[in-house]
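Quick look at what TrEMBL annotates:
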type	residues	note
DOMAIN	A:1-201	domain 'Heme-copper oxidase subunit III family profile'
TRANSMEM	A:25-52	transmembrane segment
TRANSMEM	A:64-85	transmembrane segment
TRANSMEM	A:97-116	transmembrane segment
TRANSMEM	A:136-159	transmembrane segment
TRANSMEM	A:180-200	transmembrane segment
Amino acid sequence: MSTEVSTNLPPHPEKATLEGKNKVLGFWLFLGGEVILFGSLFATFIALRTAFGSGPASQELFSLPLTAVATFILLTSSLFSVLGIQAMHRNDLSGVLKWFGITVLFGLAFLGLEIYEFFEYVHEGHTMSSGAFGSAFYTLVGFHGAHVLGGVCWITGLLSKLPKKGLNVVTAPKLYVASLYWHFIDLVWVFIFTVVYLMGKVG
Amino acid sequence: MTAHANHSEENKSLRPQEGPKRHIITFIVSIFLTALAFFAVAYMPESPFVIPFIVLIGLIQAGFQLYVWMHLDQKGHEFPTLGIWMGVFFVAAFIIVFIYWLGGY
């Protein structure tokens, strides 16, 4: 039975079963909650973004090239996860592994940049306790970074099982939901680079 | 499961006609808009229009993510759309309350 399912993948395998449908809907509900979570962190950050305390001001702190590179990496990884889902719709297992694998690598590159960035900031006196700006900054950007790390672990876990389990109506919703999560992380980053970095640079 | 096997030919024709083209175009436009936002801040930081401009670009990009990449534009996404817009409504309320009502910092 399992071989039959895997060779005859339905057109929309992520929603071919009731369980798959419910999984996708449930995940959207989770994303609705995430919108509120990040929204409240954004509101806090916007309200406190000029309370520099003893730390440096955002205009001198932020480096636009570093943020631009991080943004490019994350936007590109979002494209790769879409290509991974399209490979899944074509029942192309090696394509799924390739595109989601690259997505994970780009996610790791983004995390590396973020860790380097935080190290630099701490050396410049911008810490969690240097002022309300510092607290709000690390809470918001750190929460996003933790989501990226979560996504990297999640997708890696799915990919490690995929060669054995294959593409079917059980594994397809899992991949689809992981790609939704990855796009959502990217969506949050769009607002982080706009509100935190670009608006911080403008002052 | 036998039903699946019987309909496999039919399924092929129902398979979504999607190509990477739409997503690659969206991606290029996204990168272009991002570059535009960075250039605006790098070269015109004094302009009073720069913040509304980059926020507008951010909102357009968020729309791309939701409606193109996450397929909110497809049928059967009424509940997700409702959920996300409810979230946006609350977030807008948070931001207004934190900044304009409580006065910010």
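Using the three backbone atoms N, Cα and C, a Cβ is placed for every residue, glycine included.
Please treat TrEMBL annotations as automatic predictions, because they have not gone through curation.
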Close approaches to the transmembrane segment (A:64-85) from elsewhere in its chain (Cβ under 8 angstroms; 6 or more beyond its ends): 95-96, 98-100, 102-103, 106-107, 109-110, 113-114, 117, 148, 175-176, 178-179, 182-183, 185-186, 189, 193, 197-198, 201
Overall pLDDT for the domain 'Heme-copper oxidase subunit III family profile' (A:1-201), taken as the rounded mean: 91
Distant-in-sequence neighbours of the transmembrane segment (A:25-52), which means Cβ under 8 A and at least six residues beyond its ends: 58, 130-137, 139-140, 143-144, 177, 180-181, 184, 188, 191, 195-196, 199-200
Other parts of the chain folded back onto the transmembrane segment (A:180-200), taken as Cβ under 8 Å at six or more residues beyond its ends: 24, 27-28, 31, 34, 38, 42, 45-46, 49, 58-59, 61-62, 64, 67, 70-71, 74-75, 77-78, 81-82, 103, 107, 137, 140-141, 144, 147-148, 151, 154-155
